[in-house]
């Protein structure tokens, strides 16, 4: 069919109006496509029992074990446009109720089918077939649990769908916030796809140096999605309601995201998923409007920190520690509850970031709790009122790390760790000097290493995360002489 109207007609009417059948007719296949690729379209939805390739016509018939599996597959691909080798293809019910194939003609297809079915049944690698690499290890849950660390830009359900679809048909996604962290449950049709996605994606960054994926198998084997909106979606059931009181993403922002996230697999970017900085900047701009899950638009900028060591804590020490994750504007230690403080960050993303990284860490021997405050700003004391130095305005501090847009510091935000990254070290300062300096903060220096190319930088490892937090508070901006102030941040490396 070459004429355009027919294609339109096919895409809309035939695909859905034909009576359901477990045989599907697939059209507009790329010329060099293989049986395995066509079979792979159907695998997530159930067992594929037969295939007939019509090479000259760029068409194929695919037979699934049950009509229900075929219906799920057609529904899924009406919500998610099917592609093979980046070419749009069309899937509809066939008029045939089953495929009767002449085995001599179709031997190759049958061989591939048997190999694939064997892999599906046993997950045992089969040598000599095109599909052995998809056999990884014994089947686990088709549902993955995904946690996103270093969430500097918002990660939407659509971004997850785009990344994870590379490994097979994604049937359902549910996103939520738990322990102040953005998490998702994502269901494939087949545990093999989940296995491959976990192997490929666990530990990868979605955007440059942030939004790190942590992936595990869920104990659930099936997700129950009630609503299709920006928090949850069932791609096999486009008919679900969007639910009340949960506005879907503003279409303009959704469109901007779709545009940006189509850059997810930019060749030559930092990691397989890295988005170039322009896109990250656009995502950040949208983030101000979209807001993080559970944070009002624009984001709550004020944090409440409790269980502080009231003998030791000062506005300056909170400024330094929270300043690793954003530009602290004001700190107020509560007058009648000195183990608690309010900290105002520059924006909602920074407060979210500081909260997810510092809640539950130890500062001055106590495990601190960090939550979003209901206050919108931190009030400064009235003129002439002495509040004993409990409130401090850091709005114009020269020590803000994130003032410059696109600063390298945005890419070096890591959870508190025992290893510290030191920079701005003058040439006259030797390893011994730094080891002594850091040992004086009350901890033990376990390892030290100058960067090979650049002696201005080094890694230094304390024996615990708590000691490293203490050392950072004490020594960030320490004057090493020759007008060099030491810069200290957490590292993701170990020595």
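Note that the numbers count up from 1, one per residue, in the order the chain is shown.
Note: Cβ is positioned from N, Cα and C throughout, glycine not excepted.
Note: TrEMBL annotation is automatic and uncurated.
For the domain 'RRM' (22-106), the number of residues in each DSSP class (helix H, G, I; strand E, B; coil) is 27 helix, 26 strand, 32 coil. As annotated by TrEMBL, domain 'RRM' applies to 22-106 (among others).
Look at TrEMBL and you will find 144-220 (among others) tagged as domain 'RRM'. Mean pLDDT for the domain 'RRM' (144-220) in this predicted model: 86.
For 301-375 (among others), the entry in TrEMBL reads domain 'RRM'.
Taken from TrEMBL, the feature domain 'RRM' applies to 418-493 (among others).
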Helix, strand and coil totals (DSSP H, G, I; E, B; other) for the domain 'RRM' (144-220): 22 helix, 34 strand, 21 coil
